[in-house]
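Feature annotations, courtesy of Swiss-Prot:
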ACT_SITE  Cys104  active site, nucleophile
ACT_SITE  Cys201  active site, cysteine persulfide intermediate
BINDING   Gly13, Met14, Ser15, Gly16, Gly17, Val18, Asp19, Ser20, Met39, Gly128  ATP binding site
DISULFID  Cys104-Cys201  disulfide bond
SITE      His129  site 'Interaction with tRNA'
SITE      Gln345  site 'Interaction with tRNA'
Amino acid sequence: MSIDNSKTRVVVGMSGGVDSSVTALLLKEQGYDVIGIFMKNWDDTDENGFCTATEDYKDVAAVADQIGIPYYSVNFEKEYWDRVFEYFLAEYRAGRTPNPDVMCNKEIKFKAFLDYAMNLGADYVATGHYAQVTRDEDGTVHMLRGADNGKDQTYFLSQLSQEQLQKTMFPLGHLQKPQVREIAERAGLATAKKKDSTGICFIGEKNFKEFLGQYLPAQPGRMMTVDGRDMGEHTGLMYYTIGQRGGLGIGGQIGGDNEPWFVVGKDLSKNILYVGQGFYHESLMSTSLQASQVHFTRDMPEEFTLECTAKFRYRQPDSQVTVKVKGDKAEVIFAEPQRAITPGQAVVFYDGQECLGGGMIDMAYKDGEACQYI
């Protein structure tokens, strides 16, 4: 007996890309009552009057017409500015390196958009993320990595709550990216050959330094080695991230070993950028971190200890860790020293294939001593 999905309404977040296009197509083919929604989160009109969002919405319209679903555009620019972009700027002001994608999923795609979809009578929202959800008999939802390891996006979805996941579908989670392209091409979708978007949505193809400089005044200062040698001037602490190699302008001229130079720390109060030679410079290595905004996708006790694996950045192999949780804070102790743990980035916890949740990195430590001098 086939399941009748026609009474289940799914509102799909459509970006004008191939992933969300195939998401809508698959749900339509499975018989769901599908509505496509294009989210306009940022005014990206350039000096020539060209707006990427306008072009993307045309692609959404073309695909929606092809597969026969209604579609609308909704403007979340204010919500995005207040909840994501202000956070992004505040983190850079504090000398950290934020991850706006994590916050965008938490606050916009699975909060503002989810609320909007529910007002349209949705039973679920769906997106083109590469992640999977499974449901226990009691209704508890588990979020699993996407089947395509190279595309898995659970790192960016790690702040989603059980309530958000209850209302979410990820139709691409079991597919490999080439299969998604193939489905789009077979169906003749207008977006089948469209390039994937990369980078932060509100920066796009713009020069990052120039973009950030429009909102935060750059404050040049001294570049120093950890042992106090003056290495010249930096252009502003916000432009550098822990472990960064390029853009320092100092080559391998001092130290004799000709190894490349890396950013190893920042002192916000003195406006000093610390640099050191060698990929595994001792100041880049740490044995634990402190995280805040720690959150799990399922109900957990207020205080507990967890043995699991973790990622400290996207596209990184898992590392074995011990997590000591107290409220929304955690100490994460590494089984092996880790390189370039970066304040502002997400730390995400896994149990095998399941993403358990995560938090935001506040500080890295080496044998109890703070590493980055922020």
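Just so it is clear, glycine is given a Cβ too, placed from its N, Cα and C backbone atoms.
Structural mapping of features recorded in Swiss-Prot.
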residue: Gly13; record: ATP binding site; Cβ contacts under 8 Å, 6 or more apart: Ser20, Ile37, Met39, Lys109, Phe113, Val125, Ala126, Thr127, Gly128
residue: Ser15; record: ATP binding site; Cβ contacts under 8 Å, 6 or more apart: Phe38, Met39, Asp56, Val60, Gly128, Ser197
residue: Gly17; record: ATP binding site; Cβ contacts under 8 Å, 6 or more apart: Asp56, Asp59, Gly128, Thr191, Lys194, Asp196, Ser197
residue: Asp19; record: ATP binding site; Cβ contacts under 8 Å, 6 or more apart: Gly128, His129, Tyr130, Leu172, Val180, Asp196
residue: Cys104; record: active site, nucleophile; Cβ contacts under 8 Å, 6 or more apart: Asn41, Tyr80, Val84, Cys201
residue: Gln345; record: site 'Interaction with tRNA'; Cβ contacts under 8 Å, 6 or more apart: Thr97, Pro98, Asn99, Phe312, Arg313, Met360, Ile361
Which Cβ among the recorded positions (Met39, Cys201) has the fewest C-beta neighbours inside 10 Å? Cys201
What DSSP gives for His129 (site 'Interaction with tRNA'), in three states, is coil
Tally every other Cβ atom lying within 10 Å of the Cβ atom of His129 (site 'Interaction with tRNA'). 26
